[in-house]
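Novice: Next up is a structure, given as structure tokens.
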Amino acid sequence: MKKVWLNRYPADVPTEINPDRYQSLVDMFEQSVARYADQPAFVNMGEVMTFRKLEERSRAFAAYLQQGLGLKKGDRVALMMPNLLQYPVALFGILRAGMIVVNVNPLYTPRELEHQLNDSGASAIVIVSNFAHTLEKVVDKTAVQHVILTRMGDQLSTAKGTVVNFVVKYIKRLVPKYHLPDAISFRSALHNGYRMQYVKPELVPEDLAFLQYTGGTTGVAKGAMLTHRNMLANLEQVNATYGPLLHPGKELVVTALPLYHIFALTINCLLFIELGGQNLLITNPRDIPGLVKELAKYPFTAITGVNTLFNALLNNKEFQQLDFSSLHLSAGGGMPVQQVVAERWVKLTGQYLLEGYGLTECAPLVSVNPYDIDYHSGSIGLPVPSTEAKLVDDDDNEVPPGQPGELCVKGPQVMLGYWQRPDATDEIIKNGWLHTGDIAVMDEEGFLRIVDRKKDMILVSGFNVYPNEIEDVVMQHPGVQEVAAVGVPSGSSGEAVKIFVVKKDPSLTEESLVTFCRRQLTGYKVPKLVEFRDELPKSNVGKILRRELRDEARGKVDNKA
């Protein structure tokens, strides 16, 4: 496909990037911390960590992993925590030790955590105490040999940290009891690491940096193998796209999205490290009043988020009173930005929400609206520099502009494949092209618009939910005979999970089924709607027709609206 979109690029956005500007993420990091040493890198709960402190602490943590635990280059280390100052210390410590980061959603259930730890073969995990009870239930069934435990306030000043840890544990009671007698404290790891020798590993661009887990049509999470080059390429692509709006050493980005999510990991953490910017880490973005209080303290210049976050902020009266004069970049992704939200955002802040599109397998950015756009296009924008894109029909033939087809992409940001899953890799990457499973339309200028999903994936607040996983869990309930899970529109989260159930036990209730799911699934995957049926529609070979149920369910929602 001819790259028609290049003609629509702003004049100062390059058509190609250099993915080999750095040898590794470690090289990028070390150059940035030297250049911006005394500037703030991260702030959380009022505590500032400079680039110099980040360098010192991450070096100590890397040394501890190497010398204290005896881990080697290529070992996998899981990271399970929300946005805290400990996160970047551990993240860059793992990378600087030549090891592979395995990000874990801290809200995972024991079942989900056990699968990810076993699949990745993680030999160590860094976890915040609030979620240690989950790990306790499964750690003996995994290959994890080392548990490094931290508390919410452990990277704050002594007085403040003591207060935070006391309040979190004893007042708010956010730390369920756990028993991990062999765990090492994060503080001890750093203390010991400062006295150990750090040995910088020899890294090449093709070395793995992350195993970033994503769902699959099989319902089993798979690890996308993202190399240092993949991440650096996407970093340069984001920088090329947004760069004209950003000023090195002078930015403060609001990081309300969790850093364990690929969107915030690349665009907030890594990009602003390279630019010498400051990340304002929001630990609990669901506390909108608390988030707004934090925003009022800082002249933030950039913010990233999903539609639900922007909508919640717009509906907060205190947010409406903030000073937006410093803001010059608002980036939305993870889920479609609704037009009404985009229009309200520009009216309040004076800045357009630049919607983009990406997926874990692409580190993540594939396309974004140009920074000079002065309207809400409703599209996912133009392919980013050094990216090829095409739309194909079911026979893999390219379709002309204006016709729907599956979006396929090729570029330096595309993953190596799925960890230990060559079968799944071959299904998604064919002849060098990654098949996204999303059905899109491209207009004459190259703007892409997603019109449907080839896969049955459900998108809840920017998180992928796969029907097979939900169905597998529901079918474990003894009162269920059959089930089908679909996504239906939801004003609060974009989509919500709805299940259609055929009872085996006539006394089965919606409440008991949802309670059962809550024990097995993290919050955003739990069905919000349950409908009991005498039977489910099936094809002539007996396959449940999810699409028919989804269309019917969406029709009901539309009619109610």
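Just so it is clear, glycine is given a Cβ too, placed from its N, Cα and C backbone atoms.
Residues annotated as ATP binding site in Swiss-Prot: Y213, T214, G215, G216, T217, T218, G219, V220, A221, K222, G223, A224.
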Novice: Under a three-state reduction of DSSP output, how is A221 (ATP binding site) classified: helix, strand, or coil?
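Specialist: Reduced to three states, the DSSP call for A221 (ATP binding site) is coil.
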Novice: Among all the protein chains here, how many other CB atoms are within 10 A of the CB of G223 (ATP binding site)?
Specialist: 26
Novice: If you draw a 10 Å sphere on the Cβ of Y213 (ATP binding site), how many other Cβ atoms land inside?
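Specialist: Looking across every protein chain shown, the total is 25.
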